[in-house]
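Okay, structure first, notes after.
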């Protein structure tokens, strides 16, 4: 009798209700009580959408981030966030974004460091640890949500981050060993599990995705120590792994003293039979059989083909779930009435994935005949996609076949190129620039919406966007920036904007997923071969350049980032789709150069998040990813300067690979980690120009001039000053003009002082 459960559900709401409630609260337009009501309503609705499952997750809902929630539960908020006046919620948001709803800009504090959640586009707030970190249980959030769910008659399964992964995700600021804190942490976990059991929890899910990464003997010992100590607690423990294969941690995971183990059967299909054989006969095996990270329908008949023998073997010990939390999937496909009907029929969002789960369970428990119609409909959809003429393009296939290694090479090495570029551009020392986007005001968003609805003519839309470009260029000239951008008012998203102009992409209206906090993205759907029918950005950049004598950067998103921030077809290797994207971007780069654009930025913000979780797999990924970037970037003259930008990543371990990209200038996010990236330059001499981000745009805080000068002075100890640029650490799209202007004034003032 297969049991169904879920590891987590999207928290933002089908219409992004959480996003808007948070922003209203931060903006003083909503009270803390009103925010709490919205959150409770969303939780109730999400539980109702999961009510057909045998176990429903509790604690997966968060106002900002589940890792930050765990820090709160463990009493591990940074002192700087918790020591000021205000509510617990104010302290929570200070840790997340540097400012509570009731804090003034002058009283803001440093936001917590934010980085990518494993190899996804979700960001978490890094737990801050020192040798003196003290943990203290604060279970109210979890207990409240558990009580709410039980009142609805639901079989609730609390979800928490396991103790070893929590420490693994953290970072120490004093060179101490994170694992030294484990013995101090485990009693708090024991108290939490006991409290959840007292509140009626039969099962508790402990997420330990660190088990799918490379672990040394100390971390493996930590798992044994932790779970042998926690096994005495009353609730049954379901240890959840996801995003990859267990590999050399498989035996460890199977032998830990827990009541059940969840593995990702989508990412690690070859391990299913091994785990089933290894797992002791008293333990539950939960299989992630529906892809929680993509939007394609599952092939249910194929899945049943390998599940049915396991069901015979395991019986009641078999649980079924999505591969990971559905946090990474849009909420509900049923609202996508404008989506092409053929493509819509190929898709499943979070709600539909749970339907698939229940069809599989019924087929196992009652026989395939009990879901004959559902399986037949599913097979029709699978066959439709497999046989569709819309998926392949012979012209694209021919272009890919003609690619040669020479396409990835510039004419000359960097020293010769940079000499020509400096002569052409004539920029001052420590040149200042921004990363690309400027604030997307209400007026910009409204114009884009009206244009999409047909309420605004194309000419009127172009005129309004041009007016915004004028505003942006004039503002940058007034600020004294050296290299300008057009501000990207016409772009809804740095990936979707390009996808909308490429053959092989489809788009949703409501396919939002959370990136961090209130920030949501709507990944386009890469369903077929990629072709660029016409130029995508040239006219906007040409217009911006006509307004100023200063250089204006052409702004493109790179092939690897477009790939990693899309929902990607799963019927061919990702590297094949990436190469198709690279050829399309290469055409755009060449058109920009022909239009007289002297600096072209190709953002690869998501390069690192595509890295496999196991270091032994990195070389293969980096080879095709960097090759794709080089093919996109290197079809230009030596005097054309190629920039790239990367964000929210740690690069020290791939700095040599980044150097192989051979961009003339790279700008990177370093402000939240206090230039930690520069540690890489102790042992590696980065050969090209670099702009280490000097202030954090994800926080509303205004940077301090002396802090910027100190950061750049530190950078100049590692990199020759003549190769340093000064810039924010990311685009300014999500900020307000009243935040952007003083921040950039400070940045330019710092640059001028450094020059003097």
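Note: Cβ is positioned from N, Cα and C throughout, glycine not excepted.
Given the structure is predicted, the values throughout are model-derived calculations rather than measurements.
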**Report entry** 5-methyltetrahydropteroyltri-L-glutamate site partner of 16, 17, 18, 19, 116, 519, 520, 609 (as recorded in Swiss-Prot), chosen from 47, 540, 565
**Finding:** 565
Requested in this report: For the L-homocysteine site, Swiss-Prot lists 435, 436, 437, 603; sort out which one of 395, 474, 477, 488 goes with them.
Outcome: 488
Report summary line: Listed alongside 645, 647, 730 for Zn(2+) in Swiss-Prot, from 623, 669, 706, 753, is 669
Requested in this report: Name the one residue among 116, 647, 698, 730 whose Cα is closest in three-dimensional space to that of residue 436 (L-homocysteine binding site); these are the recorded positions.
Outcome: 730
Requested in this report: Would you list, in sequence order, the binding-site residues among 645, 647, 669 whose CA lies within 10 Å of the CA of residue 603 (L-homocysteine binding site)?
Outcome: 645, 647
Query raised in the report: Relative to the Cα of residue 18 (5-methyltetrahydropteroyltri-L-glutamate binding site), which of the recorded positions 435, 488, 647, 698, 730 has the closest Cα?
Result: 698
Query raised in the report: What is the interatomic distance between the Cα atoms of residue 437 (L-homocysteine binding site) and residue 669 (Zn(2+) binding site), given in whole Å?
Result: 15
Requested in this report: Provide the number of Cβ atoms within 10 Å of the Cβ of residue 18 (5-methyltetrahydropteroyltri-L-glutamate binding site), excluding the reference atom itself.
Outcome: 24
Query raised in the report: In whole Å, how far is residue 488 (L-homocysteine binding site) from residue 520 (5-methyltetrahydropteroyltri-L-glutamate binding site) when you measure between their Cα atoms?
Result: 18
Requested in this report: Select the closest residue to residue 730 (Zn(2+) binding site) from the following binding-site residues, measuring between CA atoms: 116, 435, 609.
Outcome: 435
Requested in this report: Starting from the Cα of residue 645 (Zn(2+) binding site), work out which of the recorded positions (16, 116, 488, 609, 698) are within 10 Å.
Outcome: none
